[in-house]
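Taking it in order: structure first as structure tokens, then the write-up.
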Amino acid sequence: MGEVGPTNRTKTKLDKQQESENRVPHEPPPFTLSDLKKAIPPHCFERSLVKSFYHVIHDIIILSFFYYVAANYIPMLPQNLRYVAWPIYWAIQGCVQLGILVLGHECGHHAFSDYQWVDDMVGFVLHSSQLIPYFSWKHSHRRHHSNTASIERDEVYPPAYKNDLPWFAKYLRNPVGRFLMIFGALLFGWPSYLLFNANGRLYDRFASHYDPQSPIFNNRERLQVIASDVGLVFAYFVLYKIALAKGFVWLICVYGVPYVILNGLIVLITFLQHTHPNLPRYDLSEWDWLRGALSTVDRDYGMLNKVFHNVTDTHLVHHLFTTMPHYRAKEATEVIKPILGDYYKFDDTPFLKALWKDMGKCIYVESDVPGKNKGVYWYNNDI
């Protein structure tokens with residue numbers, strides 16, 4: 001028993017040393033955004049309305065197929081088989097929904113087509129059907145891209161300093177505590193972020209994606225926030241009418257649970273895209289846009305990469321060129337990887353294992369060496 005403590009401490013030191021050696025460089029890179037753009041074939045920046053609509057129709061057909069199977073055949077199964085069939089349906093449909101969300105997200109970046117009005121129309125319909133305020137998130141998400149990895153200004157997952165940690169942060173190092181926090185984040189993280197900016201950028205007053213007067217938005221955007229709210233009211237009304245016709249339990253089984261899984265996937269994927277022990281964060285004295293965009297990690301979700309339209313394994317190039325359509329991102333990533341060198345971070349750790357590991361390791365940020373590299377911070381968990 002007496003050797004457990006020192007052994008664990010030795011492992012921790014070795015882990016931290018290895019992480020330090022594998023870190024993404026924090027110095028200004030030897031290349032510019034223009035250098036990267038010149039290396040990418042011009043066709044990678046071309047948006048095709050036909051191709052984009054193909055992906056929308058493709059996903060809607062798959063969504064409809066699984067809905068039809070679930071609604072018409074699962075209730076006919078023996079009860080024991082229903083207990084297996086419903087969770088399978090929920091998992092599949094939640095993943096398909098995430099793919100549709102990515103297409104709506106692409107509309108918000110004007111990466112869907114050459115026509116802004118088409119992008120906004122399609123994105124508004126897709127996201128409203130998923131109870132997401134399209135324009136509201138479009139504007140806040142754009143600010144995330146403008147301030148990625150900035151401790152003070154990034155819109156999502158702003159890291160805390162050690163002195164600012166909440167009282168419950170210490171339980172992230174405890175398996176039970178970490179499990180409960182992950183469960184809570186996956187279940188409530190996305191709706192609470194939209195509702196009251198939970199785990200979002202700190203503002204001087206209440207912030208919500210549903211409030212047109214929220215400090216998240218400027219005066220030009222407030223009318224579109226109202227339009228987003230109107231879209232959600234209509235979506236909720238449709239769901240209410242469906243519940244009256246089919247029953248509340250039916251609606252929960254067919255739409256509700258996949259919706260919850262969609263919400264969990266949003267949190268899981270976005271957290272892992274920018275949270276890693278080897279990625280730097282910057283305060284305002286050191287931050288610049290390019291280094292912030294490079295503070296991004298591509299991850300491997302296996303066959304789900306394709307279902308998610310490669311938002312998972314091509315996220316860095318998306319941050320560099322937000323109007324690039326997803327079906328060109330893989331090619332562009334491979335082209336710029338040799339130029340990026342050590343500035344490109346890829347982690348093939350299975351995503352659930354990565355979530356568990358990084359949730360425990362990335363608790364707060366601090367500067368490594370006092371007096372050196374001021375403005376550059378790294379994740380730590382030494383509580």
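Every residue gets a Cβ built from N, Cα and C, even glycine.
Taken from Swiss-Prot, the feature compositional bias 'Basic and acidic residues' covers 12-26. Positions annotated as region 'Disordered' by Swiss-Prot: 1-30. The motif 'Histidine box-1' annotation in Swiss-Prot covers 105-109 and is backed by a curator's inference. The feature motif 'Histidine box-2' is assigned by Swiss-Prot to 141-145. Per Swiss-Prot, the feature motif 'Histidine box-3' maps to 315-319. Under the heading transmembrane segment, Swiss-Prot lists 56-76, 84-104, 179-199, 225-245, 249-269, citing sequence analysis as support.
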Best-contacting stretch, by C-beta pairs under 8 Å, relative to the transmembrane segment (84-104) and drawn from 179-199, 225-245, 249-269: 249-269
Stretch of maximal Cβ-Cβ contact with the transmembrane segment (56-76) [cut-off: under 8 Å; candidates 179-199, 225-245, 249-269]: 249-269
Helix, strand and coil totals (DSSP H, G, I; E, B; other) for the motif 'Histidine box-1' (105-109): 4 helix, 0 strand, 1 coil
For the transmembrane segment (249-269), distant same-chain residues with Cβ under 8 A (at least six beyond the ends): 67, 70-71, 86, 89-91, 93-95, 97-98, 101, 130-131, 185-187, 189-191, 239, 242-243, 308, 311-312, 351, 355
